[in-house]
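Asker: What follows is a structure written as structure tokens; I'll ask about it next.
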Amino acid sequence: FKSIVQVETLGELGVFFTLFLVGLEFSPERLRKVWKISLQGPCYMTVLMIAFGLLWGHLLQIRPTQSVFISTCLSLSSTPLVSRFLAGSVRGDKEGKYDFKYRLLSVLLGMLVMQDVQLGLFIAVMPTLIQAGVSTYSSIFKEILRILILIGQILFSLAAVFLLCLVIKTYLIGPYYRKLHAESKGNKEILILGITAFIFLMLTITELLDVSMELGCFLAGALISSQGHMVTEEIMACIEPIRDFLAIIFFASIGLHVFPTFVIYELTVLLFLTLSVVIMKFVLAVLVLSLILPKTSQYIKWIVSAGLAQVSEFSFVLGSRARRAGIISREVYLLILSVTTLSLLLAPALWRAAIMKCVPRPERRSST
């Protein structure tokens, strides 16, 4: 290895396989039942985070574009990390039952998928945000119009992706898997290669349509899961060891972004900022979920909020782009990296505490 990019590239494969396996355990019918919560929750949280960011930015005399960028970065949560938490949480349950774990999986994963869509949207409008930072007030209308056009394009791309998924599920995925299963008897490598090829096909399609590649991996798993429980178990047994190895590289690549000397010198400030961000995200998530969750599902809001309380590792990518574009300074960039990493380190403890306190007694042992 001669550069961090090489490690990050291998780590991205871990993200792809993690989201594929989560999609494999997640049927489209579950997402359909919680689509309103999945759509409303992340949007409300992002708006509230941006509002708080603009307020603090005004008090600290930070430029509005910089405040919006930082708030948006902090509003995102780590899909790979939470997916890893959820990876074993539905084992041992009978298919089709909507018990505690299935409700938790549906709501939390639905909100994370929508956040990935928001991430794609933010990356798309980022050049316009950069231009807005150096534009005069006379061009504000043009910038707003450009953002609305980009939003329309992304919504059109999402519609195209889901329409294509419907066609694949109806006509292609069944014959493809049956052929793959027949050819792979006694040779699991063929099955692994065939499934991997399908994952890369889906992530390529979503990337070409300007939607996040992570969503493509998730949809690949959801499409395969439509073939039945036995298919899901067979593929999971083959893919899990590969996912575990590549996921280790992914989480190691996160540590490569940390500057130890900066963390040591600014440890007090970083701990205060990290705890403030985690607590604020947790409280906002609880408030939003209290409003949008039905009364029968209110008991899962604490665990879902714990899963959303950390900051997404994609803030590394967004921060790097913003640093090169001059939206944020080097010091702010280092703060974002450090706060993100510390929040990811706190996430397992917060998740375990929420599980221990909030999971019903009969379910607690299998969830932890």
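Glycine is treated like the rest: Cβ placed from N, Cα and C.
TrEMBL: automatically predicted annotations, no manual curation.
Below are the features I grabbed from TrEMBL:
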type     : residues : note
DOMAIN   : 3-350    : domain 'Cation/H+ exchanger transmembrane'
TRANSMEM : 13-31    : transmembrane segment
TRANSMEM : 43-62    : transmembrane segment
TRANSMEM : 107-132  : transmembrane segment
TRANSMEM : 144-168  : transmembrane segment
TRANSMEM : 189-209  : transmembrane segment
TRANSMEM : 245-265  : transmembrane segment
TRANSMEM : 270-293  : transmembrane segment
TRANSMEM : 332-351  : transmembrane segment
Asker: Suppose I define contact as three or more CB-CB distances under 8 A, residues 6 or more apart in sequence; do the transmembrane segment (270-293) and the transmembrane segment (43-62) meet it?
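Answerer: The transmembrane segment (43-62) and the transmembrane segment (270-293): touching, yes.
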Asker: I'd like to know if the transmembrane segment (332-351) touches the transmembrane segment (245-265) in this structure, counting it as a touch only when three or more C-beta pairs sit under 8 Å and are separated by 6 or more positions.
Answerer: yes
